[in-house]
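Notes follow once the structure below has been shown.
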Amino acid sequence: METVAIRTLDKNYFVKVGNGAMDGLAPFLKENFPALTSLLVITDETVGRLYLQELENRLEGQQLHVKVVPSGEEAKTFDVYYGCLSFALEKKLDRKSLILAFGGGAVGDLAGFVAATFMRGIPFIQIPTTILAHDSAVGGKVAINHPLGKNMIGAFHQPEAVFYDLRYLETLPQSERRSGFAEAIKHALIKDAEFYEWLLDNVTRLDAIQDSILEGLLVKGIRIKGDIVEKDEKELGVRAFLNFGHTLGHAIEGECGYGRITHGEAVLIGMLFALKLSKEILGLSFDSSGFRDWIEKLGYKSAIPEGVSADNLLQRMKQDKKSTGGKVMFVLLKETGSPVKMEISDELLLSRLNEFQRRGSVSDQRD
Ligand SMILES: NC(=O)c1ccc[n+]([C@@H]2O[C@H](COP(=O)([O-])OP(=O)(O)OC[C@H]3O[C@@H](n4cnc5c(N)ncnc54)[C@H](O)[C@@H]3O)[C@@H](O)[C@H]2O)c1
Ligand SMILES: O=C(O)C(=O)C[C@@H](O)[C@H](O)[C@H](O)COP(=O)(O)O
Ligand SMILES: [Zn+2]
């Protein structure tokens with residue numbers, strides 16, 4: 001079991017990571033929230049079916065309400081968000097209530113945004129249940145989607161604590177393991193070349209990452225994310241580096257329809273594209289073939305999904321949160337572990353996107 005401390009201007013909290021992390025939840029509540037009036041668990045249908053009873057047992061004696069939302073990106077809609085607020089009002093939550101976000105990143109983002117806005121902000125705790133959520137549960141970005149853009153309606157609202165019990169990950173489907181691992185690759189690429197090499201050597205199958213390795217790589221990712229968030233909580237500078245691969249990734253998610261492609265898979269395609277731009281523009285020295293062979297073996301798609309238009313992607317990227325005045329900003333790498341944010345012209349983007357699309361599959365994209 002590891003404990004990672006996160007210190008932001010807004011809040012100091014810890015992330016408990018490991019098998020059995022959840023044993024700390026009830027004592028934490030007792031010690032830190034003695035005047036708690038009620039708890040609202042927000043979870044999704046899948047996680048609820050698998051683990052809600054266990055959570056309820058842990059919280060026996062508490063005034064507990066449960067809101068079950070649809071699984072996946074469907075949870076991050078305005079209607080679901082509004083439904084959660086109505087439920088909280090009907091159940092008479094107050095400012096001494098606390099929300100438990102019990103699920104993957106979609107539930108965490110939704111529940112965190114409910115907590116950020118209910119009565120102008122009440123506390124919440126993240127209880128992540130996916131690999132991806134080693135990223136999403138830390139750092140306080142909470143949001144729902146708009147048809148015109150990913151996470152466009154949101155806030156910064158740090159959790160009181162994160163209890164990351166890795167036993168939950170045992171039931172994760174392969175596609176979700178793959179999605180989550182993409183954010184670990186991102187953390188390595190933006191911050192730690194050695195960690196990236198270690199991942200290349202040690203992670204060769206996503207269905208069989210040994211427990212000891214899994215915990216280590218998730219903790220490493222959390223530390224990388226935590227360090228960046230501590231320096232720049234509200235994304236005025238270096239936090240944008242955590243967006244590596246997301247400029248195109250979010251555009252792909254929007255164009256495909258939220259939930260049709262997982263967040264991690266879209267971000268991985270975005271990282272491939274950003275690596276390509278980094279080589280061309282910044283002379284990044286990087287073994288693309290090795291990278292492609294590796295992600296191919298892990299089962300990632302490496303091409304923009306068919307039928308998605310480069311023009312539409314460009315329009316979406318112009319509305320990205322990093323972009324201003326319609327100028328598209330990309331996170332690129334000077335070297336592995338050394339990101340920079342830079343403006344890329346519409347002309348260059350369109351031409352490289354068209355090229356990237358034409359080349360199709362991963363094995364055709366060797367450059
Ligand atoms: N706030 C942030 O900093 C941040 C960072 C990265 C990603 N995100 C957001 O996170 C979301 C993606 O998160 P995610 O990949 O965790 O997705 P998710 O929450 O949609 O979960 C993926 C799927 O796995 C199921 N699931 C969850 N836990 C499970 C378990 N233990 N066993 C079996 N099934 C389980 C869910 O029901 C869902 O169907 C995206 O909306 C993305 O934008 C946010
Ligand atoms: O925490 C951050 O900052 C990130 O960028 C992490 C990303 O992995 C995550 O997908 C985040 O939600 C994207 O943020 P956005 O501001 O581009 O919506
Ligand atoms: Zn992400």
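Each residue, glycine too, has its Cβ placed from N, Cα and C.
The domain '3-dehydroquinate synthase N-terminal' annotation in TrEMBL covers 68-177. Mean pLDDT for the domain '3-dehydroquinate synthase N-terminal' (68-177) in this predicted model: 98.
According to its DSSP assignment, Val107 (NAD(+) binding site) is helical. In sequence order, Ile42, Thr43, Asp44, Val47, Val69, Ala75, Ala101 make up the list of same-chain residues 6 or more apart from Val107 (NAD(+) binding site) whose Cβ falls under 8 Å from its Cβ. Annotation source TrEMBL lists NAD(+) binding site at 71-76, 105-109, 129-130, Lys141, Lys150.
Under 8 Å from some Cβ of the transmembrane segment (98-119) lie the Cβ atoms of residues 29, 33, 36, 38-44, 46-48, 51-52, 55, 69, 71-73, 75-76, 80-81, 84-85, 88, 125-130, 132-133, 135-137, 140-144, 151, 153-157, 159-160, 176, 263, all in the same chain and six or more residues away from its ends. Taken from TrEMBL, the feature transmembrane segment applies to 98-119.
The feature domain '3-dehydroquinate synthase C-terminal' is assigned by TrEMBL to 180-323.
Under the DSSP three-state reduction, His263 (Zn(2+) binding site) is assigned to helix. The Zn(2+) binding site annotation in TrEMBL covers Glu183, His246, His263.
With the fewest other C-beta atoms within 10 Å around its C-beta, Lys150 stands out among the binding-site residues Lys150, His263.
Under 6 Å, Cβ to nearest atom of ligand 2: this is the test, and of the binding-site residues Ser71, Glu73, Gly105, Val107, Asp109, Thr130 it is passed by none. Checked against ligand 1, the binding-site residues Ala75, His246, His263 give His263 in sequence order as having a Cβ less than 6 Å away from one of its atoms.
All chains included, 27 other C-beta atoms sit within 10 angstroms of the C-beta of Glu183 (Zn(2+) binding site). Shown are the binding-site residues Ser71, Thr130; of these, the residue with the fewest other Cβ atoms within 10 Å is Ser71. Cβ neighbours within 10 Å of Gly105 (NAD(+) binding site), excluding its own Cβ and spanning all shown chains: 29.
Other C-beta atoms found within 10 angstroms of the C-beta of His246 (Zn(2+) binding site) number 27, with every protein chain shown included.
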